[in-house]
Amino acid sequence: MTLQEQIMKALHVQPVIDPKAEIRKRVDFLKDYVKKTGAKGFVLGISGGQDSTLAGRLAQLAVEEIRNEGGNATFIAVRLPYKVQKDEDDAQLALQFIQADQSVAFDIASTVDAFSNQYENLLGESLTDFNKGNVKARIRMVTQYAIGGQNGLLVIGTDHAAEAVTGFFTKFGDGGADLLPLTGLTKRQGRALLQELGADERLYLKMPTADLLDEKPGQADETELGITYDQLDDYLEGKAVPTDVAEKIEKRYTVSEHKRQVPASMFDDWWK
């Protein structure tokens, strides 16, 4: 088995999917898991990007089905901007599409800036822009878990195969979640699910960005990765990609393994 095949297997990627069937399986997963845990529903941060839009709509479909079947579940969608988000219109469009039971907005700027200032005062140096970006992601995680803990809700994560293979998420930030309904999907497969669900194409054709950096607001994921999502998707779906691209992907996969594991102990061997 080639490394490419090993990665596809580890990340549960199927080269070809039926979007309608995938929606059904993932909604069922959300329903089954929330019932098993005894939780009262879900909470998820909504950015206006493809991934949170898809996960949010799946979550809302799941809780509606639970209620229609005589159960009780709710979904809270959370906007978590840092000051003014340039693509706020997209976030609002996503919320209109998702139709969450409840929506709430938290501007994380005061919390992030207070921490950043305290860090500088105590340690005598400013946070790097990259590290501050990770703080933003982790404050968003803290906010979602506070809402979840207060209301008995599970925190949904938006990680999918194209992010997982590169480790392109903040450890204990957007990587901190209770369940991952998009696992195994490539970026283009996620788009196909949104198309099947009837989303406005603006929500899945827009340039993906983590938008964590003050110095480079709205920087494209592909710019930061040095790899396009089409290349990542081709690789994950078992297609041939240029050798240098495959090497970049495989290197990122190897060095980011710790992000896909629980914290290491001396009894684990995945890190050796």
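Keep in mind that glycine also has a Cβ here, set from the backbone N, Cα and C atoms.
Remember, predicted model here, so these are calculated numbers, not experimental data.
Every protein chain considered, the tally of other Cβ atoms within 10 Å of the Cβ of SER47 (ATP binding site) stands at 24. Marked as ATP binding site by Swiss-Prot: GLY45, ILE46, SER47, GLY48, GLY49, GLN50, ASP51, SER52, THR158, LYS187, THR209.
Among the features that Swiss-Prot reports, Mg(2+) binding site is placed at ASP51, GLU163, with the record citing sequence analysis. In the three-state DSSP scheme, ASP51 (ATP binding site) falls into the helix class. Neighbour density for ASP51 (ATP binding site): within 10 A of its CB lie 22 other CB atoms from the protein chains shown.
In sequence order, GLY167, PHE169, LYS171, GLY175 constitute the residues six or more apart from LYS259 (deamido-NAD(+) binding site) in its chain with CB-CB distances below 8 Å. Annotation source Swiss-Prot lists deamido-NAD(+) binding site at ARG138, LYS171, ASP178, HIS258, LYS259.
Across the structure, ASP178 (deamido-NAD(+) binding site) and THR158 (ATP binding site) are spaced 11 Å apart at their Cα atoms. Spatially, by CA atoms, the binding-site residues ARG138, GLU163, HIS258 include one closest to ASP51 (ATP binding site), and that is GLU163. Site extent for ATP: among the recorded binding residues GLY45, ILE46, SER47, GLY48, GLY49, GLN50, ASP51, SER52, THR158, LYS187, THR209, the largest C-alpha separation is 19 Å. Taking every pair among ARG138, LYS171, ASP178, HIS258, LYS259, the residues recorded as binding deamido-NAD(+), the greatest CA to CA distance is 18 Å.
Listed in sequence order, the residues of the same chain lying 6 or more apart from ARG138 (deamido-NAD(+) binding site) and placing their CB within less than 8 Å of its CB are THR170, PHE172, GLY173, GLY176.
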